[in-house]
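**Q** Got a structure for you, questions after.
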Amino acid sequence: IACLVMYLFAEFDDAANLLAANPDATTISIDEPAEIPKNQHSRRQEPGREEDDELLGTDDSDKTELLAGQKKSAPFWTFEYYQTFFDVDTYQVLDRIKGSVFPVPGKNFVRLYIRSNPDLYGPFWICATLVFTIAVSGNLSNFFIHLGKPTYHYVPEFRKVSIAATTIYAYAWLVPLALWGFLMWRNTKVMNIVSYSFLEIVCVYGYSLFIYIPTAVLWIIPQKVVRWVLVAFSLCLSGSVLVMTFWPAVRDDNRRIAVATVGTILLLHALLAVGCLAYFFDAPELDIPAPIIPAHNGTTVITKSH
């Protein structure tokens with residue numbers, strides 16, 4: 001201990017001698033925090049836009065992720081390349097489902113749930129579940145509507161499964177592809193537009209369709225008023241997720257183009273819901289067999305009824 005104390009005093013004497021030889025020298029204490037340059041955050045952002053800029057990834061977070069270490073992606077023809085699209089756990093999928101069913105005003109679905117790890121597992125199984133739910137519920141709806149009528153013979157329509165699958169998966173892939181291409185094209189015209197990746201857009205559309213699964217089950221209720229109320233309720237929830245996600249990306253574009261883009265997104269979303277309700281759940285008209293009326297000359301006359 002004595003040697004250590006003598007060593008510290010010797011170091012202190014050397015520092016004092018150096019400071020006496022050069023009085024203008026600057027001393028730095030290791031206990032004091034380094035002063036942050038004042039011009040580091042000199043640029044102030046407009047109120048209410050700082051959150052959106054962070055949501056769209058225009059801050060330095062993307063640069064930090066790139067500098068932290070770039071992962072080499074596997075070639076697209078390998079299994080490892082597609083395995084990353086399904087690298088999610090149950091808690092992440094359930095959290096994203098809850099975010100699509102209970103959207104938070106002013107919060108971006110991509111930034112809160114998707115951007116850290118976009119996946120195709122949830123959208124794929126949501127679409128598959130929705131396909132079978134619509135097909136089975138549509139058959140049950142027609143069965144319950146005509147139950148007890150002697151002129152109706154129930155025949156399950158398996159073709160509704162293929163029609164529902166074509167409609168749902170085409171919407172979940174082709175619409176995001178068109179929207180992604182449009183955002184990329186507008187990004188070359190307007191500097192402030194930030195495009196989402198194609199995988200992120202597919203993920204948003206896939207999870208936004210989850211609300212239609214319980215809605216399709218409730219469509220079995222043979223009351224048109226109830227069905228249309230359910231359609232309106234589902235559109236409000238899923239449509240708000242799409243609007244809050246894509247409006248920050250197009251708001252800096254031309255006002256008419258931005259409004260038209262969001263309007264088109266909502267219109268296509270509404271056409272999907274209304275089209276499924278009209279095709280799979282509206283009761284078809286019954287074919288009533290024509291009555292046979294005997295004629296006086298011994299022949300029979302079949303009259304056609306509508």
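Using the three backbone atoms N, Cα and C, a Cβ is placed for every residue, glycine included.
From TrEMBL, for reference:
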- 29-60: region 'Disordered' (REGION)
- 49-59: compositional bias 'Acidic residues' (COMPBIAS)
- 101-273: domain 'Yip1' (DOMAIN)
- 120-141: transmembrane segment (TRANSMEM)
- 161-185: transmembrane segment (TRANSMEM)
- 197-222: transmembrane segment (TRANSMEM)
- 228-250: transmembrane segment (TRANSMEM)
- 257-281: transmembrane segment (TRANSMEM)
**Q** Looking only at the domain 'Yip1' (101-273), report the model's average pLDDT.
**A** 89
**Q** Six or more residues beyond either end and a Cβ under 8 Å away: which residues meet both conditions relative to the transmembrane segment (161-185)?
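**A** Hits for the transmembrane segment (161-185): 123, 127, 130-132, 134-135, 193, 195-198, 201-202, 204-206, 209, 246, 249-250, 261, 265, 268, 272, 275-276, 279-280.
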**Q** Which residues, given as numbers and ranges, are at least 6 beyond the ends of the transmembrane segment (120-141) yet have a Cβ under 8 Å from it?
**A** 85-86, 88, 93, 96-97, 156-157, 160-161, 164-165, 168-169, 172, 199, 202-203, 205-207, 209-210, 212-213, 216-217, 219-220, 222, 276, 279-281, 283
